[in-house]
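Colleague: Structure below; questions to follow.
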Amino acid sequence: MWILIYLFIIWSSLRTWVTAVDSTTTVGDDLNETVSASVWPTMSPQMTVAFRSQRDVMGNLTIDQLPYVGLNLRRVLLNNETSMVNEGNNTRLLTLFKSMLSSEANAFVLDLEQYNNDLRVVDTTLLFSDVLIALQSFIFSTQNNLYANIIVLLLNISAPELDSTEYRHQNQTLNTTYILDKNLGNGFIYKPTDLQSDRAKNNTWNIYGKSSIDGWPTLGSVLYEQKKRLVIGELTDFFNETTAPYIFPHDVFHYEQGNSTLDCPSTVEGLTDLSSIHWRFLDSLFNSVDIKEYISCGLSPIISNSAYVNNVTQLADIIHEGSVWSWDSDQPSVTQSTSKSGSSSGTLEAYNCVLLYYFANNETVTWRVGNCYNSNIGLCRYENMAFRWLVRSNKATYFDFDSYQGSKCPDQYSFNIPRSPLEQRSFIAYMRNSSFSDTQIWIDLNSISVSNCWVSGGPYASCPYEKVISKRNFVTMMVPASVCSFALLCIVVYLSVLRVPIYDNRKNWRRVINKISKSELEGVPS
């Protein structure tokens, strides 16, 4: 019986241990997991964490207001300077395209032409279906909360040289729905019908709040609830709603080439007006300096630098400068634990909270990791107003600035963070108008729960990639169970080895009992 109890205890402890290990997602271990990129430079663990945390911060932004960094594939990949095009090396072209998908680029302009009731990539023998198969493979390999992101595919369709009757006939016989269903699958595509459904359910927003007329769903809704990964749009006027129901028409997107006609806003009114324009793309030549400025002005750059096709590293640097608009160049620091420690001066240290550094001389900001136990001022936002900020003058540690006991932000304000380049630009305008000098400000972003998992929601926010328990709490949970198991084991061993004394002296007890029984009288007393 004791053996069975002991085995049950051991089984329970092992089950708890296995459950905890299986349920814990250590984000640091996932830093080394990268999508296959045989040509494109692999993202470092630091870049991976920065890009992922930035995506998570933008989770409540609508997909039309996200900052995309894209590539014009015909100019970058398929220009005349590319020997691959002249050689007709389709395999290498697809390999490079797959590598580009695994970079930080998340928008692509693809030029297609009609070819025998099919679509073919201009200046190549590649079919549109070949590109879709490569895209499907990438989406399958990244269909999880760690790596999933929205991809925008913008199509330039070249019409065949036919008279109007033949053109209209070929356009109607071209079955784009079949091509997309067969080679990609419609489950990953966010379609015009999905947008209509979201608007009917009042699940869309614009800059002013919920809107069923011109609103769009949030990134979190599209990625995690609907499991959609791809938005396909047309830049020409080749398709219609009947022939291409999966593709958004050209008038949905604000797409410009060369120079932008949109002014870079510097006031809240200008920022609000710009935000009312959906999907703002600028197709032009960029370098690693000016691309950050265009991003901060609310535009999504489409890189058309044909000279960089043979210098992939330089092109990758430009994409990185544009895609990471928040963190400093050497941030965030990749750590292995979140446990607090004491410095030589006796103060507590936990470098798991984020400070926004404001530099007044050039009016720039950047994010850096700071010690959560240091006292700093914090950033507050007014209700759901995207561009209305307040910096509190009273200093506090990260844990005290926004805690269960209350927030340091006043009523109708909440501890917050700039979620996009435009919101960060509005914050800079606020700091300039308020005549702030260089300063460091707490923002609502930390990795207190799990190392390298940067989340918003205050110091007690949990990591979305960790289901049950973290490494830090694992030892705390296992120690009591292990001690109890060891104590019960000792008791079981003791009872199994050491017999009860009455059985140990059985002969002596029998002799005593016999002696006593002889002195007893038999029969009934008279």
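Keep in mind that glycine also has a Cβ here, set from the backbone N, Cα and C atoms.
Marked as N-linked glycosylation site by Swiss-Prot: Asn32, Asn80, Asn89, Asn156, Asn171, Asn175, Asn202, Asn240, Asn259, Asn311, Asn362, Asn433 (among others). What Swiss-Prot records for 1-20 is signal peptide. Taken from Swiss-Prot, the feature topological domain 'Extracellular' applies to 21-477. Taken from Swiss-Prot, the feature topological domain 'Cytoplasmic' applies to 499-526. Per Swiss-Prot, transmembrane segment is recorded for 478-498.
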Colleague: Taking DSSP as the reference, which of helix, strand or coil describes Asn433 (N-linked glycosylation site)?
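Modeller: Assignment for Asn433 (N-linked glycosylation site) reads helix.
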Colleague: Sort out the sequence-distant neighbours of Asn175 (N-linked glycosylation site) for me: same chain, 6+ apart, CB within less than 8 Å of its CB, listed by position.
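Modeller: Correct list: Asn117.
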Colleague: Look at each of the glycosylation sites, Asn156, Asn240, Asn362, Asn433, and point out the one with the fewest other Cβ atoms around it within 10 Å.
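Modeller: If we count Cβ atoms within 10 Å for the glycosylation sites Asn156, Asn240, Asn362, Asn433, the smallest count is at Asn362.
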Colleague: Cα-Cα, whole number of Å: Asn433 (N-linked glycosylation site) versus Asn362 (N-linked glycosylation site)?
Modeller: 14
Colleague: Take the C-alpha atoms of Asn259 (N-linked glycosylation site) and Asn156 (N-linked glycosylation site) and report the distance between them in angstrom, rounded.
Modeller: 19
Colleague: Spatially speaking, which of the glycosylation sites Asn156, Asn202, Asn362 is closest to Asn240 (N-linked glycosylation site)? Use C-alpha to C-alpha, please.
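Modeller: Looking at Cα distances from Asn240 (N-linked glycosylation site), the smallest one goes to Asn156.
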Colleague: When neighbour density is defined as the number of other C-beta atoms within 10 angstroms of a residue's C-beta, which of the glycosylation sites Asn202, Asn259 has the lowest density?
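Modeller: Each of the glycosylation sites Asn202, Asn259 was scored; lowest Cβ tally within 10 Å is Asn259.
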Colleague: Cα-Cα separation of Asn362 (N-linked glycosylation site) and Asn202 (N-linked glycosylation site), in Å?
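Modeller: Just about 42 Å between their Cα atoms.
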Colleague: DSSP secondary structure for Asn175 (N-linked glycosylation site), reduced to helix/strand/coil, please.
Modeller: coil
